[in-house]
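Read through the structure below, which is laid out as structure tokens, and then see the notes.
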């Protein structure tokens with residue numbers, strides 16, 4: 001495990017502008033990193049909030065690798081690098097604790113490295129473990145429950161007030177970023193239809209296209225209020241654009257008796273004072289959404305110790321798995337060395353067989369091969385630390401007893 005390193009910079013250490021500068025132009029830069037640093041394997045994880053390189057075989061060049069990203073890049077080695085990856089996959093290192101998207105991004109980074117051929121066995125093990133752990137953390141704890149963004153809070157609020165949104169129509173008033181964010185979250189939840197109204201009709205058309213909805217005329221707002229179940233208002237107007245009389249008239253025009261939920265996220269407010277007093281109308285503001293998001297985020301934070309326990313348990317398991325991988329590699333390396341010794345001695349013996357006595361040649365071959373084996377094994381054992389040397393000697397003793 002000590003051969004694994006992680007270097008990076010995240011939203012915790014840098015502003016958005018710095019993170020943008022740290023980003024590699026192409027996610028396929030991972031190939032260049034492997035070649036430049038002579039790595040065994042490499043995975044590049046780039047998101048809005050982090051630029052991280054996970055590498056195998058970079059222990060002696062970790063700082064150089066960090067400098068490739070940013071002057072202030074941190075370096076984590078061995079178990080700390082693996083623990084960090086596990087925390088990332090579980091959403092503990094995200095700006096919004098427990099968010100789902102990061103797990104998809106980790107899997108995407110892993111799949112890309114696999115496609116580009118930059119995964120070695122060690123990275124395969126830790127990334128597969130991280131992805132599975134990320135799923136378990138969300139299934140076995142409540143780390144991802146509840147809305148923590150303004151958009152998802154709007155969905156939660158709408159479902160609290162109206163139940164399922166699948167048969168609901170959403171009206172977006174204003175074409176600004178905040179309104180678009182909230183509306184997109186509602187659309188992703190599967191609402192029946194989306195209407196977009198804006199004073200500049202062309203902007204309404206543009207946003208409607210992005211949302212897969214219908215652009216409507218701002219001066220026909222009352223008619224469209226009558227069609228809607230959820231209204232998201234987010235204009236930049238200096239005065240209210242949804243008036244008491246408009247809402248009353250819209251209710252009269254409705255062909256059904258059902259509530260209207262108006263989410264006013266404009267500053268100053270888009271909804272005239274008094275609308276909240278109309279029967280069958282619920283008015284909520286961005287403050288209500290923030291309260292929902294804050295409460296849910298606090299609940300998620302209480303789940304962190306449970307997730308950290310899962311991480312430590314998984315870390316012990318992956319350490320054992322990596323140790324076994326290391327042992328398999330060692331056995332393979334020893335076997336390769338012994339085969340090379342055998343091939344050299346055999347080549348020498350075959351040359352001698354052309355002129356020498358076969359029995360003597362074979363006897364010399366066996367003695368030379370045995371002597372070389374003993375020298376290789378003895379030298380390797382004597383270079384080990386005391387506790388490992390004693391264990392190796394015990395293993396050799398058992399092997400000789402079994403052979404006897």
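Quick reminder: no glycine exception, Cβ is built from N, Cα and C everywhere.
Computed from a predicted structure; not experimentally measured.
Over in Swiss-Prot, the protein carries these features:
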{"type": "BINDING", "residues": "47, 48, 49, 50, 94, 99, 100, 101, 105", "note": "substrate binding site"}
{"type": "ACT_SITE", "residues": "48", "note": "active site, nucleophile"}
{"type": "SITE", "residues": "84", "note": "site 'Important for activity'"}
{"type": "BINDING", "residues": "174, 175, 176, 177, 178, 179", "note": "NADP(+) binding site"}
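Using a 10 Å Cβ-Cβ cutoff, residue 178 (NADP(+) binding site) registers 16 neighbours. Close to residue 100 (substrate binding site) in the fold, though at least 6 residues off in sequence, lie 91, 138, 144, each with a CB less than 8 Å from its CB. Per Cα geometry, 48 is the residue among the recorded positions 47, 48, 49, 84, 94 nearest to residue 176 (NADP(+) binding site). Distance noted between the C-alpha atoms of residue 94 (substrate binding site) and residue 178 (NADP(+) binding site) is 21 Å.
In three-state terms derived from DSSP, residue 177 (NADP(+) binding site) belongs to a helical segment. Here the Cβ of residue 177 (NADP(+) binding site) has 9 other Cβ atoms within 10 Å, regardless of which shown protein chain they belong to. Highlighted in sequence order, 95, 102 have their Cβ within 8 Å of the centre of the Cβ atoms of 47, 48, 49, 50, 94, 99, 100, 101, 105, the residues recorded for substrate, and are not part of that set.
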